[in-house]
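Below is one structure, written out as structure tokens, with a few remarks after it.
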Amino acid sequence: MGVKSVFLPQGYPESVSNDYLQYQFWDTVQAFSSSLSGTLATQASLKGVGVGNQEATVAAATVTWLLRDGTGMLGRILFAWQKGSKLDSEAKKWRLFADVLNDIAMFMEILAPYFPAFFTLIVCTAGIFKSIVGVAGGATRAALTVHQARRDNMADISAKDGSQETLVNLAGLLVSLILIPLVTDNPVLTLSLFFLFTILHLFANYKAVRSVVMETFNEARLSIVLQQYLRDKRVLNPLEANQREPVFLEFGKAVPIKLGVRLQEVVQSPDELSLASKGNNRPYLVGIRNGCVCVCLGPEASVHDEIRAMCQAVWLSSTLSPKTPKESTCTSPQQQNHWELVHESQKLMDTIFNPFLKGVEAAGWDTKRTLLDWDEWRVEWKTKTS
């Protein structure tokens, strides 16, 4: 009873999600290996700024340290501004990204002392990377805590996670005390151990994010479930869809989807507005512009409307994506055909959306909230009734 109440949330296992134990196990393995890699990197950094070197001045070491912290702080603010909203909807991808970046930063710190001319530059770049890791890691951890909490017990889960991490870091510290005498002045062993811990760290991280089963829709999960439904009318449950969800960041999608945009990104003339709202009594407008599928949302749209708009956008995006490299992406003369495609997607949604939504709810998805990445624009439009 004792250990359980110290390290696990009260009411475990009923008070947490089903994937809690598996996630925490792999998270603990990755924290342990990361703590050992971190020790090796810290030792290299201290050596680089001149610990144990008679010629090194205190002032120079302090300046290096301050520059590293300063660039890190700027990096943190810029990253949170640029990518903050993505960390909720793509928590798994950014969680994995943060850990890969952390390993790159530590590798740079280990190499830095061997390049004394560029030492400050390397350490500052590693500092920026580590600050991004801090933002992405902390924010995605919070998003996962929200997912794990089943009794509004986010604070308890977060506190116990802190206890688990502290215990692991303590174990890492004890192992580090044995390692440090072995690796001092032995660069080959340092690098060998570092790569060993890094491989373990990345493997454990991959297993950790793979073990998370989110019951809410983000773009990737909704797209996977909808595509399967359109193929054979089968609704994937959260476990199946999460296993298929990509966990590595993809750069440059063929036909990106923009949600919650301004009206002029969807329609640019009264004629286009009447085309966009033709046969559409929903509180959103969908359009195709510059190779993007754009969705305008009305102020009274419900969560189900958001899911429906997203389904329509996903269908359009996959229809427009070039199936073979030979097909080029859409150009302007096709703008007319684009509206025909939009009308086709509306008709499809009229047919399939209600049965799809019922099937999704029956399969165990939570449709009361979503993790779709909507921007803040809300648009009211009126069309002349003929």
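Heads up, the Cβ atoms here are built off N, Cα and C, so glycines get one too.
No curator has checked TrEMBL annotations; they are predicted automatically.
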TrEMBL annotation of transmembrane segment - which of the ranges 91-117, 118-144 it falls on: 118-144
Averaged over the domain 'Root UVB sensitive protein C-terminal' (234-381), what pLDDT does the prediction give? 89
Given a Cβ distance threshold of under 8 angstroms, which distant residues of the chain, six or more beyond its ends, lie next to the transmembrane segment (165-183)? 7, 28, 31-32, 35-36, 38-40, 43, 189-190, 193
What is the three-state DSSP composition of the domain 'Root UVB sensitive protein C-terminal' (234-381), stated as helix, strand and coil residue counts? 66 helix, 15 strand, 67 coil
